[in-house]
Amino acid sequence: RNLGKVIDTLTCGFADLMGYIPLVGAPLGGAARALAHGVRVLEDGVNYATGNLPGCSFSLFLLALLSCLTVPASAYQVRNSTGLYHVTNDCPNSSIVYEAADAILHAPGCVPCVREGNASRCWVAMTPTVATRDGRLPTTQLRRHIDLLVGSATLCSALYVGDLCGSIFLVGQLFTFSPRRHWTTQGCNCSIYPGHITGHRMAWDMMMNWSPTTALVVAQLLRIPQAILDMIAGAHWGVLAGIAYFSMVGNWAKVLVVLLLFAGVDAETTVTGGSAAHGALGIASLFNQGARQNIQLINTNGSWHINSTALNCNDSLNTGW
């Protein structure tokens, strides 16, 4: 609503100036005033949708916070090497969102390649947006960062200055306040999922290629149960204060946004019932025959020869080919 007042001042002032133009002022002024009224109608619709619908009272500040993690990014990157373009999974500098001592928060669909000394090596992807140096997730600095963001959003909402804080945050997006800690390059050709390749990983990789933002949201939703336990055990006061305040005022959409922000950097993917299912899978796997080669023999002139040793589709997924 406060931003709408600024827009109304600009559009109405422009309409008044157009009306003072000699000869053509009357028609131009009328057209400009009609345009100003149209803008006002759009503002009223936005105010109704964001202020009166239950659970949808988003402030500009929270939308700005969410934008730093859900910016659509291409699932493939291209680097230029001596005039030749190569498709790579290595993150460019534009995909790096936040850097800590042992972790990098980046856009989904790539893996950071960090140069240390005279060698470049891939960091281990812990989540679609977080990579670490050695495969362990140091959450101390990332927790402090999320606590600060959510605490600031809660304070701005409680003081009814969300539009002002959101405007300041959006302007701050144009600048880099966090210094670069690592030298990221695109010379590693990292794999998004290192290790044994299974059918599930292949499907997840394809989903990240189709829609990185969808992959990000799904991964965060699956980590919410573990994130709730972590924020209580770790005493994350900024996040807890934000969830408590937004729950008391009935802004459940903001509660979900805070949970997604926290789960994106501070939990492992844990599905409810996953432990029981994993135990049942361990027992059932005892009876699996595993991957095997179906050897086909043919008889030619009284001699038997091997005709084919190719793996079928399921066997190829189990063996990792």
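Just so you know, glycine gets a Cβ as well, placed from its N, Cα and C.
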Revision key, fill the gap. Among 85-116, 149-180, Swiss-Prot lists region 'Important for fusion' at 149-180
Exercise for review: If Swiss-Prot is the reference, give me the range from 48-51, 236-239, 296-299, 308-311 marked as region 'Important for lipid droplets localization'.
Suggested key: 48-51
Point to revise | Listed as N-linked glycosylation site by Swiss-Prot, one of Asn118, Asn209 | key: Asn118
Practice item. Can you check which residues sit near Asn118 (N-linked glycosylation site), meaning Cβ under 8 Å from its Cβ, same chain, 6 or more apart in sequence, and list them in order? Key: none
**Study point:** Around the Cβ of Asn301 (N-linked glycosylation site), the count of other Cβ atoms that are within 10 Å
**Key:** 5
**Study point:** Packing count at Asn189 (N-linked glycosylation site) (other Cβ atoms within 10 Å of its Cβ)
**Key:** 14
Check your understanding: Name the residues of the same chain, 6+ apart in sequence, whose Cβ is under 8 Å from the Cβ of Asn93 (N-linked glycosylation site)?
Key -> Thr184
